[in-house]
Amino acid sequence: MQSKALNRKGGGGTEPREGAEKEEMENVVVADKTSSPSDDDITPPPPVSFLPPPPPPPKKARGGWRSVKYILGNESFEKLASMGLIANLTVYLQTKYNMDGIQLVNVFNIWSGSTNLTPLLGAFLSDAYLGRFRTLLFGSVSSFLGMVVLALTAGMPKLRPLDCPGVSSCQKPQDWQLGVLYSGLGLIAVGAGGVRPCNIAFGADQFDTRTEKGRAQLESFFNWWYFSFTVSLVIALTVVVYVQTNVSWVIGYAIPAACLFSSFVIFLIGKHTYIITKPHGTVFVDIAKVVVGACKKRAVSLESSSGYSLYDPPLTESDQHVEKLAHTDVFKFFDKAALITDSSELDDKALPKNSWRLCSVQQVEQLKLIVGLVPVWFTGIGCFITMDQMNTFGLMQAIQSNNEVHNFKIPPGWMGLISMICLSTWIFIYEKIYLPQAKKRSKKNIRFTTRHRINTGIVMAILCMVVAAIVERNRRDAALKQGTLVSPQSILLLLPQFAFSGLNEAFAAVAIMEYYTNHLPETMRTLAGAIFFLSFSASSYLNTAIINLVHLVTSNNGKESPWLGGRDLNKVKLDYFYYLIACLAALNLLYFNLFSCRYLEKHVDKRSESRHEEMNEAA
């Protein structure tokens, strides 16, 4: 019974299993039939290609106008911010920090001198270690932080002394308040050291000047750079100065801070488009090596060194972009650094064993070019001292003049706009009217020579000081007659002296900068800009020394009023000081024509003359 039951159970279990297997097989067959595509639906495999895969789309080339638009944007905002500070700093220090004339001028001149001295250090760091991109980046950050500090001094009354509407019994700023002010100005000076020597050079890096197209683009870049500079300057001297004087110092300094932040952002946005060159070494080290090498061989006589030869190796492949300088017979003392006095000074590869004892002729000639600039560099200092007076005492005259014209109050900081208008007007007349007309009459080089332009600039400096002295005497007499701090004399009578100051810059400063650029080879143009700014720095420091000396001498005479000092120009004789500066300018005119012009003519770059001739032929 059990066996039958088991047989039935086992048989009953076998039949369903076989049926299930049969059903599964049918399902598989059905699935295969339903899932198998028809012949028309079968996609043939892709053909096998033995060709290499297509290259990725080419990346846009770096440099060119694609990069320059960011650089010009950065430069425009940076200049707007810096000029918005410089144009009205004298007014801010006098009205918000209650500084008297001497302290105010000292602070302004020392700060101005520092902002023109730091570019020399910035040029060294850029060429030797950081490169132009990083130097510009760090400089922009420093300038922004400094502008933020100054905006805080305007917005937080505790950071400055109490306001003083009069001229006597004014609270002096405390040392810690001056410390905050000086820290802000110091950060801006450091930022200027990074921005000023590199902005134009970094823009020039974006073009390949080895091609005709690149050289033409570079010339166009300079034009657009100057255009953006002028537009920024006009906005700074009008809108920003007006807001600072008539609306709010807080807003007036917040605008430059915002401009610097925008400048920094724009500069970073364009990073992926820039051609960023690596530091290629600095000429400052080569200059030091030549000086040290010449001093080590100072006992060697050049007259008795006929048996010696000069170390003048050819340029290497990495220096093909460097212009080979020929040996000259000027400043012969430095030739001693290139004298091979002993064959043991060279190694097996004919290279100097000690580069601080034996230098190449190329290094020596680079130093000679720089030394050749020194006589003209002193002339530039004499020209720039006059411009410094208008930035300080000229604005103080404007503060104590009647600035109301037809119910509109002219901000004193607008006086600097007159100088820029005269400068731009002269350049336009010279380039667009005089030169084309003169070209029609003569096919020769009819451009004004560098000597004529510098002479004209010095004459303008003399006229500026003489006119300023006459106007100041009349302003003071009118104020004393009326018995008021502000003279009834109109501020418009100050326009001629600011106009002469602008013409001084248009003739002398532009000519000197052009001479520096043409005198030095292309690889030293960063140094040329630094030397130009160094002359501004020297003029600021020298002006500070002269002012303090004049104040010390004239204030000890109790019988007469001092020439300088105090917050009230009506109590001093500023016109006497102006006549003194005019006399110094006259001495500068004699120095230039009797001495330094000989170096100007002796070392003038012939390439600039040929360029002018080519430009005239093309005109």
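From the backbone N, Cα and C atoms, a Cβ is placed for every residue, glycine too.
Feature annotations, courtesy of TrEMBL:
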- 43-58: compositional bias 'Pro residues' (COMPBIAS)
- 1-63: region 'Disordered' (REGION)
- 136-156: transmembrane segment (TRANSMEM)
- 176-202: transmembrane segment (TRANSMEM)
- 223-243: transmembrane segment (TRANSMEM)
- 249-269: transmembrane segment (TRANSMEM)
- 367-387: transmembrane segment (TRANSMEM)
- 414-433: transmembrane segment (TRANSMEM)
- 454-471: transmembrane segment (TRANSMEM)
- 491-515: transmembrane segment (TRANSMEM)
- 527-553: transmembrane segment (TRANSMEM)
- 576-597: transmembrane segment (TRANSMEM)
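Counting C-beta pairs under 8 angstroms (sequence separation of 6 or more), the transmembrane segment (576-597) fails to reach the transmembrane segment (136-156), with fewer than 3 such pairs.
Within its own chain, the transmembrane segment (454-471) is flanked in space by residues 376, 379, 382-383, 386-387, 389-390, 394, 397, 448, 489, 493-494, 496-497, 500-501, 503-509, 511-512, 574-576, 578-579, 581-582, 585-586, 588-589, 592-593, 597, 600, which lie at least six positions past its ends and keep a Cβ under 8 Å from the stretch.
Remote same-chain partners of the transmembrane segment (527-553), defined as residues 6 or more beyond its termini with a Cβ less than 8 Å from a stretch Cβ, comprise 102, 105-106, 109-110, 112-117, 119-120, 122-123, 196-197, 200-201, 283-284, 370, 373, 377, 380-382, 384-385, 387-389, 512-513, 516-517, 519-520, 562-565, 577, 580-581, 584. Remote same-chain partners of the transmembrane segment (491-515), defined as residues 6 or more beyond its termini with a Cβ less than 8 Å from a stretch Cβ, comprise 373, 376, 379-380, 383-384, 386-387, 390, 394, 397-398, 401-403, 405, 410, 412, 415-416, 418-423, 426-427, 450, 453-454, 456-458, 460-461, 463-465, 467-468, 471, 474-475, 532, 535, 600, 604, 608.
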